[in-house]
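Student: Take a look at this one; I'll ask things after.
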Amino acid sequence: MSVIVRDETGQILLLCKGADSIIFDRLSKNGRMYEEATTKQLNEYGEAGLRTLALAYQKLQEAEYSAWNEEFSKAKTSIGGDREAMLEQVSDMMERDLILVGATAVEDKLQKGVPQCIDKLAQAGLKIWVLTGDKMETAINIRFSCSLLRQGMKQICITATNEATLGQDPEKSVKENILMQITNASQMVKLEKDPHAAFALIIDGKTLTFALEDDMKHQFLNLAVDCASVICCRVSPKQKALVTRLVKEGTGKTTLAIGDGANDVGMIQEADIGVGISGCEGMQAVMASDFAIAQFRFLERLLVVHGHWCYKRIAQMICYFFNKNIAFGLTIFYFEAFAAFSGQSVYVDWYMLLFNVVLTSLPMISLGVFEQDVDSESVYVDWYMLLFNVVLTSLPVISLGVFEQDVDSEVYLQFPALYQQGPKNLFFDWYRIFGWMGNGLYTSLIIFFLNIIIFYDQAFRAGGQTADMTAVGTVMFTCIIWAVNCQISLTMSHFTWIQHLFVWGSVTTWYVFLVFYGELSSALDENAFKILTEVLTPAPIYWIITLLVTIACNLPYLAHISFQRSFNPMDHHINQEIKYYRKDIEDRHMWKRERSKARQETKIGLTARVDAKIRIITSFKKSSTTGKTSRIDICGNKSGQRQDRKQRSG
Amino acid sequence: MEIDEVSTSSANAAEIPSVPVRRGRSKAIYQFTQQNLPACKPVLTPTWVITIFFAVGTIFIPIGLFSLQVSQSVLEIVDRYDAECVPPSFRSNKLAYIKDSSIPKNCSRYLKVNKDMKAPIYIYYQLDNYYQNHRRYVKSRSDKQLLYGLKYNDTSTCSPEDATNGLPIVPCGLIAWSLFNDTYSFFRGTDALKVNRKNIAWESDRNHKFGKHVYPFNFQNGSLIGGAHLDPTIPLSDQEDLIVWMRTAALPSFRKLYGRIEEDLHANDILEVKLLNNYNTYSFGGRKKLVLSTSSWLGGHNNFIGIAYISIGSFFIFIALVFMLLHVKNPRPYGDTTNLSWTWKGISS
């Protein structure tokens, strides 16, 4: 990047800054005086983890400048596809024969908590790649400090050989060379017998341009996926996006990209989930991302706690939506068999109309959309059905979807392996979905047939009155409301006042609604006048049926969860029990032990580094006691903290 | 900033974050936004499971037995008369019989009372295969007209029974048009049993749905007679048969209240029913039955509710026993960590 200025004496200067490799290429012969010294200093800076820049200048003559300026203005004002190329060309003409001034280095410290965050994420089973625009030494050094790389890891460097040294068709031979490197490295990885061996793949931007081409990218991806950590240096923003796309499409797994600058925007948008860090680099990354956090370390909480909760909540909510709407909708279909398939609804007009209009807006807010295909003109013009999905059963579902916590957040942070329930898709597999749908079917059958058979044709009250369609429909609806709300309270495991309010409040709202609806005779449907107060409340059979049907509908689900919890529990069930019986407090030793076990086997991160050190020390001890000699690599920690000894003892 | 102390897990678990002290409303809002509301997290332990299942079972079975007993105490006499009441000469052409108004429709039936029936004894007529719940039928009425009569003009929902000969019909619609018109009178020996035909409809219907000043007008004047005629001098709110009939039933087989007998009936009484078989159920294969029934606090005779309670109660007890057996055989200690999935991996690897 350059700027042309005129100083006070009238001398025109071209001042240029850029990456050292680029600048050194453009130096003139006499500008290379300090090249060696500068290179040495740059390496030192890089090893210290600083971000470096080289500076150079050139003095320009008037004539030279004005000639060039003409060209440059022409290029600037040109319209067309190759404007960029023209500008590039013209700038290139000027940026040569520079005189080296020196180098700068900027400390770009790692944020607080980054090594621990990476460690936790690795323990949760996530794979971490780094894509950066820094030079290789800087990138490597920073990764050492957060333990993405460590001593003892075999580093595989894929580099493009210098083109100028090759003969005809340099590009092809460079590509072949890179392909050979990749193949060799893949062989090496495959033949590795030591299960604890870890490989790190390091590749730079120039090489990446070749490696991402269609004929090579699959081999590259296969090699990269086998390595414990991948570091791409000197990557341009476009390449960041391409690499992300390659991983996303090649592996089919969910990818998350996190970045803080404008150069990360392409990558963030390409990944399945984009996270932007708001901060000193500006807000471009934040504006392009799905989630924005303030510091890198918050990613841990975002993923492990909120991501997991979100997954569980949405899965449960969707399954439950299927269940309750199947339970409700099928009763209407069954009734058709008894109404000569004329399309008459057993539920009162207005109930369903109100329910369904408001229905479609609240669930959208609560992240689950379940469309209700009800035409107000034709058949189901019923208030009950409208109220059903909006008020009477959606609020509990919203409380399930927004507030449900099966395990506390602290437990998630301490037991990263619980995170794997998400990637393994334990809560939204077909078995579970069909199970809930089957439950809905069963519920609908119970509700409909029990009601119909009990209300068959005889009187339903001491006064000898028989039930008309309104009464039967209202009783059936009451049963549905109770059954469905009891079902959700069995599903939820975290009851705050909000859940209680929504669930029991929905049931109460139904009764309140019936009272009010029964009072409004003229405006609305006449048949339901005083339906609750006069017709149903004094009839004991109404209350008895409600109790019977509610309990009968929840029987299978209750039995299922009882047996599953007791004889085939899932991890979070056990955690809940431990918390419930306060065993985490009584038996701290057990709690810590489980904490340390509850992680995926990782090859990167602080704990992996500690484990590797332990292995080396124990193998050293073993070999020294057996009298054998062996070469040991004593790894020295360049920077970064040691994990505390508590985890080692666990 | 408040995010710091609750976000990441630090390696040193003993570090206590400094939480700024909050009061009242801001504390509540903070708890809400940080998803830290005080909560109860019930856990379904084996004790709870067994308790719940047994409790439900022990509550349900007595309720079921009681309901069954109550239902059994209700006595019912059901008599199907639509086939028998057609004179033998017309048995092959019932339609001609029912449509011909010159043929007398009298019929006598004899009912035997098996056990003592206490007053009041409810008289119902039961219709089978009659779809009062058909959508077109249910729609075909005008509630506003029932309240306001001729003052209310918009009776389009009643078509085709909204007007005839250019004049509006009150009450309009198919439901009113198809009013049931069989009549029954009861004799025990030579005494006529008094049948109370008042207060058979819902009180709210009489007082609020059918106008006190609305009279039948132009009713059953068309070419097709659907059912009963209405006395044009009696206001709709007193036409209880109509009111009862207009409460459309839910199922194709239904009973409607006709009246009450307010005397006891004794075992072995023979009741003679003199009925008029006016109503045409022959054109669609419907059936007509006459039902006499006592009632209990649960209503009429229906064993199903008792049976359902008993079966579900026993099912619960059965599951409780199975669970208890399995639990006693291989109890899983609470919070036992050997079941955690990472422990299996550790053991198996």
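Each residue, glycine too, has its Cβ placed from N, Cα and C.
Whatever TrEMBL says is automated annotation, not expert-curated.
Since the structure is predicted, the reported quantities are computational estimates derived from the model, not experimental observations.
OK, TrEMBL features for this one:
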BINDING   A:LYS17, A:ARG51, A:THR132, A:GLY133, A:ASP134, A:ARG234, A:LYS240, A:ASN263, A:ASP264  ATP binding site
BINDING   A:ASP260, A:ASP264  Mg(2+) binding site
TRANSMEM  A:326-344  transmembrane segment
TRANSMEM  A:350-370  transmembrane segment
DOMAIN    A:377-569  domain 'P-type ATPase C-terminal'
TRANSMEM  A:382-403  transmembrane segment
TRANSMEM  A:433-455  transmembrane segment
TRANSMEM  A:467-485  transmembrane segment
TRANSMEM  A:497-518  transmembrane segment
TRANSMEM  A:539-559  transmembrane segment
REGION    A:625-650  region 'Disordered'
Student: Can you name the far-off residues of the same chain, 6+ from the ends of the transmembrane segment (A:433-455), with a Cβ under 8 Å from a Cβ of it?
Tutor: 318-320, 322-331, 334-335, 338, 467, 471-472, 475-476, 479-480, 483-484, 487, 541, 545, 548-549, 552-553, 556-557
Student: Considering the binding-site residues A:LYS17, A:LYS240, which residue's Cβ sits among the greatest number of other Cβ atoms within 10 Å?
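Tutor: Result of the Cβ crowding comparison: A:LYS240.
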Student: Per the record, ATP is bound by A:LYS17, A:ARG51, A:THR132, A:GLY133, A:ASP134, A:ARG234, A:LYS240, A:ASN263, A:ASP264: how many Å separate the farthest pair of Cα atoms?
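Tutor: Greatest Cα separation within the listed binding residues comes to 23 Å.
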Student: For A:ASP134 (ATP binding site) and A:ASP260 (Mg(2+) binding site), determine the Cα separation and express it in whole Å.
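Tutor: Approximately 14 Å lies between the Cα of A:ASP134 (ATP binding site) and that of A:ASP260 (Mg(2+) binding site).
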Student: Give, as a single whole number between 0 and 100, the mean pLDDT over the domain 'P-type ATPase C-terminal' (A:377-569).
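Tutor: Averaged over the domain 'P-type ATPase C-terminal' (A:377-569), the predicted model reaches a pLDDT of 80.
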Student: Using DSSP with the three-state reduction, classify A:LYS240 (ATP binding site) as helix, strand or coil.
Tutor: helix
Student: Between A:ASP260, A:ASP264, which of the binding-site residues has its C-beta surrounded by the fewest other C-beta atoms within 10 Å?
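Tutor: Lowest Cβ count within 10 Å among the binding-site residues (A:ASP260, A:ASP264) is A:ASP260.
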Student: Cβ distance under 8 Å to A:THR132 (ATP binding site), same chain, sequence separation 6 or more: which residues?
Tutor: A:THR138, A:ALA139, A:ILE231, A:CYS232, A:CYS233, A:ARG234, A:VAL235
Student: If I take the alpha carbons of A:LYS240 (ATP binding site) and A:ASP260 (Mg(2+) binding site), what is the distance between them in whole Å?
Tutor: 13
Student: Rounded to the nearest angstrom, how far is the Cα of A:ASP260 (Mg(2+) binding site) from the Cα of A:LYS17 (ATP binding site)?
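Tutor: Taking the Cα atoms only, A:LYS17 (ATP binding site) lies 23 Å from A:ASP260 (Mg(2+) binding site).
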